[in-house]
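Annotated features in TrEMBL:
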REGION    1-21  region 'Disordered'
TRANSMEM  55-73  transmembrane segment
TRANSMEM  79-99  transmembrane segment
TRANSMEM  130-152  transmembrane segment
TRANSMEM  164-183  transmembrane segment
TRANSMEM  195-223  transmembrane segment
TRANSMEM  229-252  transmembrane segment
Amino acid sequence: MKGVAEQPEATLQEAEVRTGAPVSVRRPSTWAHYRALVKKDLLHEMHTRDMLTSMGLYALLVLVVYGAALAQAGTSLDIQQMAGGLLWAVVLFTSLLGLNRSFSHETADGCLDGLMLVPMDRSVLFLSKATANLVFLLIVEVIVVPLFFFFFLGTVGAAPSWPLLLAVLAVGTVGIAGVGTLLSTITVNTRGRDVMLAVLFIPLSFPLLWSCVSAATAVLIGAEGFMDTFTMSMALAGGYDVVMILVSWVLYDFVVSA
């Protein structure tokens, strides 16, 4: 074991002898750590397709249930008034399923314990995991949102302002990925972590959910003065994202080390 421990030092000494100059070992930068961790998560998902498959199927099943339930109501309901809330309910619960799985392979394979031994800022682990979760959620939304429009807004249509919904989805998904990553780390080693994550995540994300539903409803209806509602709701959602992501970034070192 002593010989193995001294091997890197001996290798450096041999390199210095060959080159005639001192050899320095540079620690990888924070950006290099971030890229490596994001790449790890993306490659793992490309090989397993665990999160994307489960989230996609779950969202599709929720849309089917929505369709079966609303079909019994006939024309008595204004689907445009309900569309924003229905869409964000799908996004929120689908996100919960993905966030529950985001750390499952880390703990099962002992990867999280190995990452804790790496001499790097723990906030890099938060940013990389939040980025990977954001990418996965956006991929699912690219599939789910067109299906939602086809099933529920295909006949009544949406207002010409509907492209602004993309901005609402982007801002809301960033907040969900940031807060959800912190909470999934907190609950990863708890009993009943699926239930515990939902109990913590839904109340904490309620301000974001309320703002996004309000903004989405405004742009889908497109009534007079909708831009005022849209602007105020987006400002609230953006402020929520900034505050909660900064808090999560600051607290992550304590959370992951506890």
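Yeah, the Cβs are placed from backbone N, Cα and C, and that goes for glycine too.
Heads up, TrEMBL stuff is auto-annotated, nobody curated it.
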Range from 55-73, 130-152, 164-183, 195-223, 229-252 with the greatest count of C-beta pairs under 8 A to the transmembrane segment (79-99): 195-223
Chain residues in Cβ proximity to the transmembrane segment (195-223) (below 8 Å; excluding those fewer than six residues from its ends, i.e. six or more beyond): 80-81, 83-85, 87-88, 92, 96, 99-100, 153, 158-162, 164-165, 168-169, 171-172, 175-176, 179-180, 183-184, 186-187, 229-230, 233-234, 236-237, 240-241, 244
